[in-house]
Amino acid sequence: MKHGIHFFNCSVLATAIQDFTAVIKEDPSNAQARLYRGRAYAKQQQYGDAIQDLAAAVHLDPSCWLAFYYRGCILRQIDPKRAVQDFSVSVLINDTQENFLSFLHRGLIYSEQHQWSNFLCDFQSVLALDSSIIFAYLNIGLILLLHLDQYYEAIRQFSNAIEIDPLNVRAYVCRAQAYHKIHNLPNAVKDINRAIHLYPNKSQLCLLRGQYLMELKKYELARLCIHQLAEMDGDSFISQPVQQALIQSFCQNHDKAIDCLRQATATQPEPSMLVLLGKIQMKAKKTKDAVRSFKKAMKLLMTSAKILPNTFEAAEMYYLTGLCYMERKNLSRASDAFSMAIRLHSSYPDAFYQRGLCRMHLGKAKCIQDFNRALAICPSHFQAYMGRATYYGSKGRYPKAILNCNEAIKILPNSVRAYFYRGTLKYQNKAFKAAIEDLSKTIDLNKTCIVAYYNRAVCYYQIKDFRKALKDYGILLLLGLSKEIAFKVLINRGLLYMELEDYANACEDFKEAILLSPDDSQIFQTMGICYYRLHEFEEAVRSFDQVLKLDPLSVDAYVARGTSYMENGHEDGCKQAQKDFLRAVHLDPNCIKARICLGYNLQALRKLQRAWSQFTVAICIDPKCHAAYDGRASVCLQMGETFAAFQDASAALKLTTTAPLLTNRGVINQLMGHLPCAMKDYQQAISVDPNYALAYFNAANIYFQNRQFSQAYCYYSKVLQLDPRNESAILNRAITNTLLNNIEEAKEDFEKAICLSPSSAAVYFNRANFYNALKQYKLAEKDISTALSIQPNDALMYKFRADIRGKLGFNKEAVEDYKQAISIQEQIDSM
């Protein structure tokens, strides 16, 4: 036995086999002899004899873990299932470092069967037994990289291998590819450079470096790599069409790459080369040609029975064909192609995902099953989670869609797409602040993500943070936008400015929008409204003219243009406005707004009965139109029908309670002499809208009339807080201050009143009264003279000046003023 073991160890296998055979003849139950002879037969590739001896050794000594191990090694290729059983028994008997190869070989079988979780368990066991085995780190990293998409963990495994062996070229190359997957191109280039330094004559490494440099947009360095590669390989480079095609493809010279591979496949057609040709044709957007290439590759793979083998290679051809059909929007054929890929290789997560996408676009509910299958095969499939999120989002099931985005973000924590879509879903779910957080993260990851800025601006608008919304719209307009997006941004920002009552800036945005869409009547309409709010009525009319050129039947444009004509205050403008309102009523007899505007127009032209009729028709059309009741009330009031006006104002208030309506009824009550009711209306108007200045002003006037000067003073002051340029309120407060003996305050108010209305005779007249009371007759005489220069035919003012001049001792001038006052009064009486 010792003699045989010696020759076995020295690889003199024939002599060793003779010695072990002699031992077995003498002792048929010698398990060790069977084990060694079986190993010797295996080394001589006599696998049948080897398996018989190893089986006998197992039978004679069931605890012989080596026999199970070696038999498993022989069965690995021919019977993987039995090999797994043998390795499993071997590690069951001996799970120490001595038997780590059983774990390793069993793991390799699992990898061939795509049982990734079992593979990882076995290789992790190998590392637990011996942490210095580089092969294990590399293979775990490759599975994580190529099949499970766990790129960060793959990088860690390759780094462990490099730490043990800093000169391992393969570890550097694999780690570079993992860095490339997570778009960490600088580190990918560093690792490839290290690999080239260790293995300078490997052309494939130069090729990878060129690719990475191209993606980094360092085109000059990439070009140098390609020239270096060509020089390095010399003639062999030209003789390798696949490598040449890859290089041309990386340089975006797809046509040259395609020509190169076509020549190669014409002389030596191989499935792998045709698949590569199809992939490059896909990059060149020649999807029809790509489909033909994949079909040729399928024909070469077919067996004599015209059946494709159940291999990943065959499945990938159908998968790529499906991608081509998707590019051409032929979703039904794409779905069929992905189904064939799944039939040939049932553990193909990408095929399930793509078929799910097709089915989703075709409106088939089964798409969710495909996404689920993809995730069952590959739980870290980012795209499948995003596909599922899209499906649930399209069905309005936003919480479930958000949960899927959460899972996708766990896989790719820096995914712009995942954060953006989750932000969009949160917006749809009306969680605007949470949506802003996700969209802000999207912008942090991609500073030029146009749709993220746009959606965030919309979210800011929803939470009333207008300043930030305007900022985002401003940033968008600085980026290179397409015409359609720029148009939407300008419109949105213009509408936002309108809401902020910044009509000047709104107009500027709408002007820019018109340049992008000159035939959009709605923009002209909105811009006309802005000009109207800016009191630029002529510009408003021009804008509405443009609307009517583009849309001659626009009722809103006629009404808006008529309103703008009305605001000019000229009789011609009123007549032109009337034409527009009549056209609007002709186009749409039930247009309440047109009839109300026409009513006010007729009222302004003193055609009160016709105005009353228009308001009445509006009420008949819509008995709940409070504006029509309010308009008719004003006409009734002007016609002297005070009680009818009161009834209409009350009817309007039954429909809605607003400060203007209450104030209007208060005025009617005041005219009817019902001062307590009028005051009650004014106070209620103030409670409805504490910022409605007119209600305060009218209430102050009643207080003044009742000689409640302190209350009147307070209310006039409130009016001026709300409307500092209200000249009537300033004048009335000046008079009130005079009566309250607030001399200095009265002086200030009269000065303000004159600044606001320097051509108002009433202001000068009242200040003259003020100075007269103070016995400052010169100042009083000066003011009353100014008042008379503005309003020369006022008998009362001449009499007042005569009185003042008399006090100053200007008797002659006083007499002249008395005579003038009498003359004017006589003319008035004779009329």
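Yeah, the Cβs are placed from backbone N, Cα and C, and that goes for glycine too.
As the structure is a computational prediction, the values presented were derived from the model and not from experiment.
Under the heading repeat 'TPR', TrEMBL lists 31-64 (among others).
Annotated repeat 'TPR' per TrEMBL: 169-202 (among others), in sequence order. Within its own chain, the repeat 'TPR' (169-202) has Cβ neighbours under 8 Å at 134, 137-138, 141-142, 145, 149, 151-152, 154-155, 158-159, 161-162, 208-209, 212-213, 215-216, 232, counting only residues six or more beyond its boundaries.
The repeat 'TPR' feature in TrEMBL is assigned to 315-348 (among others). Under 8 Å from some Cβ of the repeat 'TPR' (315-348) lie the Cβ atoms of residues 114, 271, 275, 278-279, 282, 285, 287-288, 290-291, 294-295, 297-298, 301, 308-309, 354-355, 357-359, 361-362, 377, all in the same chain and six or more residues away from its ends.
According to TrEMBL, the feature repeat 'TPR' maps to 382-415 (among others). Helix, strand and coil counts from DSSP across the repeat 'TPR' (382-415) read 27 helix, 0 strand, 7 coil.
In the repeat 'TPR' (487-520), helix, strand and coil residues by DSSP number 27 helix, 0 strand, 7 coil. Feature annotation from TrEMBL assigns repeat 'TPR' to 487-520 (among others).
Residues or ranges marked as repeat 'TPR' in TrEMBL: 521-554 (among others). Mean per-residue pLDDT, taken over the repeat 'TPR' (521-554), amounts to 92.
The repeat 'TPR' feature in TrEMBL is assigned to 659-692 (among others). If you look at the repeat 'TPR' (659-692), the same-chain residues 6 or more away from its ends with a CB under 8 A from one of its CBs are 626, 630, 633-634, 637, 642-643, 645-646, 649-650, 652-653, 698-699, 702, 705-706, 722.
When the repeat 'TPR' (693-726) is classified with DSSP, helix, strand and coil residues number 27 helix, 0 strand, 7 coil. Taken from TrEMBL, the feature repeat 'TPR' covers 693-726 (among others).
Residues 693, 697, 700-701, 704, 709-710, 712-713, 716-717, 719-720, 766-767, 769-770, 773-774, 790 of the same chain, all 6+ positions outside the repeat 'TPR' (727-760), place their C-beta atoms under 8 angstroms from a C-beta of that stretch. For 727-760 (among others), the entry in TrEMBL reads repeat 'TPR'.
Same-chain neighbours of the repeat 'TPR' (761-794): 727, 731, 734-735, 738, 743, 746-747, 750, 753-754, 800-801, 804-805, 807-808, 824, counting only residues six or more beyond its ends whose CB sits under 8 Å from a CB of the stretch. What TrEMBL records for 761-794 (among others) is repeat 'TPR'.
Listed by sequence, the residues of this chain that lie at least six past the ends of the repeat 'TPR' (487-520) yet keep a Cβ under 8 A from its Cβ atoms are 454, 457-458, 461, 466, 469-470, 473-474, 476-477, 481, 526-527, 529-531, 533-534, 550.
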